[in-house]
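Asks: I have a structure I would like to understand better, so I am pasting it below and will then ask my questions one at a time.
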Amino acid sequence: MAGENSDNEPSSPASPSSAGFNTDQLPISTSQNSENFSDEEEAAVDTQVIRDEPDEAEDEEEEEGEDLFNDTFMNDYRKMDENDQYESNGIDDSVDDERDLGQAMLDRRAADADLDARENRLANRKLPHLLHDNDSDDWNYRPSKRSRTTVPPRGNGGDPDGNPPSSPGVSQPDISMTDQTDDYQDEDDNDDEAEFEMYRIQGTLREWVMRDEVRRFIAKKFKDFLLTYVKPKNENGDIEYVRLINEMVSANKCSLEIDYKEFIHVHPNIAIWLADAPQPVLEVMEEVSEKVIFDLHPNYKNIHTKIYVRVTNLPVNDQIRNIRQIHLNTMIRIGGVVTRRSGVFPQLQQVKYDCNKCGAVLGPFFQNSYSEVKVGSCSECQSKGPFTVNVEQTIYRNYQKLTIQESPGTVPAGRLPRHKEVILLNDLIDCARPGEEIEVTGIYTNNFDLSLNTKNGFPVFATVVEANYVTKKQDLFSAYKLTQEDKTQIEELSKDPRIVERIIKSIAPSIYGHEDIKTALALAMFGGQEKNIKGKHRLRGDINVLLLGDPGTAKSQFLKYVEKTGQRAVYTTGKGASAVGLTAAVHKDPVTREWTLEGGALVLADRGICLIDEFDKMNDQDRVSIHEAMEQQSISISKAGIVTSLQARCSVIAAANPVGGRYDSSKSFAQNVELTDPILSRFDILCVVKDVVDPVTDEMLAEFVVNSHFKSQPKGGKMEDSDPEDGIQGSSGSTDPEVLPQNLLKKYLTYSKLYVFPKLGELDAKKLETVYANLRRESMNGQGVSIATRHLESMIRMSEAHARMHLRQYVTEEDVNMAIRVLLDSFISTQKFGVQRTLRESFKRYITYKKDFNSLLLVLLKELVKNALKFEEIISGSNSGLPTIEVKIEELQTKAKEYDIADLRPFFSSTDFSKAHFELDHGRGMIKCPKRLITW
């Protein structure tokens, strides 16, 4: 039988292939003939294949079943006329179509064209070309598989670029979208309907953004954003992020900051995806950023192989105590104070393993924060271990953990502050220190913690925040935040000859008067120039200030103002701070159980300002502990086996009350304060504030305070629509245009510390030497603060600080005169009342330098009025009959010349003159004042 079948032709009617069966299931000899084999060889093959005679063992095992391919299987296809009869009921072979064959073919082609058009419309509606995928499992949207004649659009079955022609039912853009040679190819920008379909999320958002076509869509939009975005207020039309990329490269950084508010304005849907599914979206954005940056700067990849995208200005600011399960795997923004910081540890990023049995190197395996790498078996020897990490070929990344606690001002009354752990990676390492208040933008994730399960008795996941962007609240006006427009504005402002007076007026504008304190605080905030002679002898450049005076003279308010305005200002009180609280403490870390150092207020204020209120209430032991910090600006520690030195390079501004509550000018300075000479000599400026009863000054002060309260009300006065960003905290700012906005003052202060380093000249040094020698001679006669060498250094520091206010790189005579004036005011204010007058006469040419002459002339005029009253009382025995008191202008001019004041016209037109109820009579050359208004 086999030989007969093998002799038949494949096309014979009796062959299975002619009957329409699949010849792959038949023996080779029955499906096709080979010209290379003879009949004997073919028969031999047939004997082995077709004549399959089973063994007896197989018959016993397979008793059931039938061999379909036996010797007689072809009999199933023989012709049987009696059985090959079909019913004719219901079957009509007649054709009613009267068309000819040609017309029928034309109609068939037209019907096929209609079907093709219908399928294209359905495909565009349900699944646009942008989402076509050859590997899609959705049969509802699978293109039609009916075999129709498809004519290629171009010759040779392809396009000019050499791409293969489209398969039937699949458009050419579909093939280009699934081409894996280019991850992110640009699509048709005019395909609005396809872009609309990209926002129709199918399934969960995380799964949606991980699809290849969606990743390509996000990459395209983000690349366009980086290369085309222009700020609305940018008149030059500069591309914002190209400029930021150039600044990032020039600063040798690897983090590109993206403003979320700008991004959501251009691409709102993708920005929402970034907030709700940040991990996959950030991966795409970082890949695009690397490609864009390395295209603009090809050699930068030799410096940084990885670019990180940092998201700034996330609009939602969550509280730590309000974070819930709904925030998991989303981007959040929280704030708090850093309470603990771990060391820097290496974390696996790209790991390779060695098989201990065969020595094969397995990997690389990529480790991330969301999954753990586990090797199942060796690909070489198929063993299941053991495996060891290949240290040489494994790549690590930096890892650090912070613990932040809710800020004291945000904790509800009666509640304990909550805390949360923050993970820092890569270039975010050491971006914050304990004690600093920071804001963290990151991904809220969870990890398995076995200790929590053991403690709670049921499965619990520990939650952490993987930081993406960290900013300090004190660094809002740091160097990289100063734009070119800010720098230009600051440089123009420094050309104002009255810039120092404007800065002093801008210090605590809500506090009336106290020009000497405001001048001292301004000098301390700008600071002098630090010197380190050949790395052996270091001289501090920070200026220390002590405010000593009666209660109610706004000493604490000045400190609070400096805390908000100064850079890295730390506020503490003398009674609430111990010695270790000011310097440093040694304690055991609760995690590692090792002795660690925790810095105090002076350490946390490094390169800033430390503010100490109630300085006189400190214990003597605690006060002695800051001696080293105030002069050498370092803190030495030798405790628990830790011998080290911490940096405390900061200005100290302290406030204290005199003995008995009020300052008595009839007593010496040592009798008024309980501070020793070693601590007093470390203060560069001493400001003695006395609450003196003066009806004119008191009336002006009362008017200022009342107006300040009235105009600060939500619906009171004319300041209802005032801008709070101007930082004007009182009524003085509304009438005085010379007061600088507080934001501008902060930027001016930052700019001066970054770019201005003044130097002292030889002529100025000689002048300082002369004044110092005279002060030493006068201090031996008085009972105030003794003048030491430190005060000479203080004058140098104040000269440099005054030069910084003008943004000058050198010290001029004007700066030296200002420093001498401030030091003389400080020295004279500590003397007894009788000695003060003598010293003012001796140094009056320095004391009156650049002082507000109006207040000085007002004091001189009041003295002349008092003398006139006394003279009239002596002559006539009584002054009750005088309606007004008159003083000659010549007498005031004579007094003013003693203080080198020649022009009195500004004083006569000032508000101080009019508010004191004085009237000017030019015709008679007299100054009149009603006697009934004289209360001094």
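Just so it is clear, glycine is given a Cβ too, placed from its N, Cα and C backbone atoms.
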Asks: Looking at the candidate ranges 193-219, 274-300, 355-381, 841-867, report the one that Swiss-Prot labels zinc finger.
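Replies: So the range that Swiss-Prot calls zinc finger is 355-381.
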Asks: Among the binding-site residues Gly549, Pro551, Gly552, which residue has the largest number of other Cβ atoms within 10 Å of its own Cβ?
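Replies: The residue with the densest Cβ neighbourhood is Gly549.
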Asks: Restricting to the domain 'MCM' (499-705), report the mean pLDDT as a whole number.
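Replies: Here the predicted model's pLDDT, averaged over the domain 'MCM' (499-705), is 80.
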Asks: Identify, in sequence order, the residues in the chain of Lys555 (ATP binding site) that are 6 or more apart from it along the sequence and have a CB within less than 8 Å of its CB; answer 'none' if there are none.
Replies: Leu547, Gly549, Asp613, Ala655, Val689
Asks: Quick one: which residues besides Gly549, Asp550, Pro551, Gly552, Thr553, Ala554, Lys555, Ser556 have a Cβ within 8 Å of the ATP site's Cβ centroid, in sequence order?
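Replies: Everything else in range on the chain: Ala655, Asn657, Val689, Asp691.
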Asks: Looking only at Thr553, Ser556, which of these binding-site residues has the biggest number of Cβ atoms within 10 Å around its Cβ?
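Replies: Selected residue: Thr553.
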Asks: Let me know how many other Cβ atoms fall within 10 Å of the Cβ of Ala554 (ATP binding site).
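Replies: I get 20 for this one.
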Asks: Count the other Cβ atoms sitting within 10 Å of the Cβ of Asp550 (ATP binding site), across every protein chain shown.
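Replies: For Asp550 (ATP binding site), the 10 Å Cβ neighbour count is 16.
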Asks: DSSP on Ser556 (ATP binding site), three-state: which is it?
Replies: helix
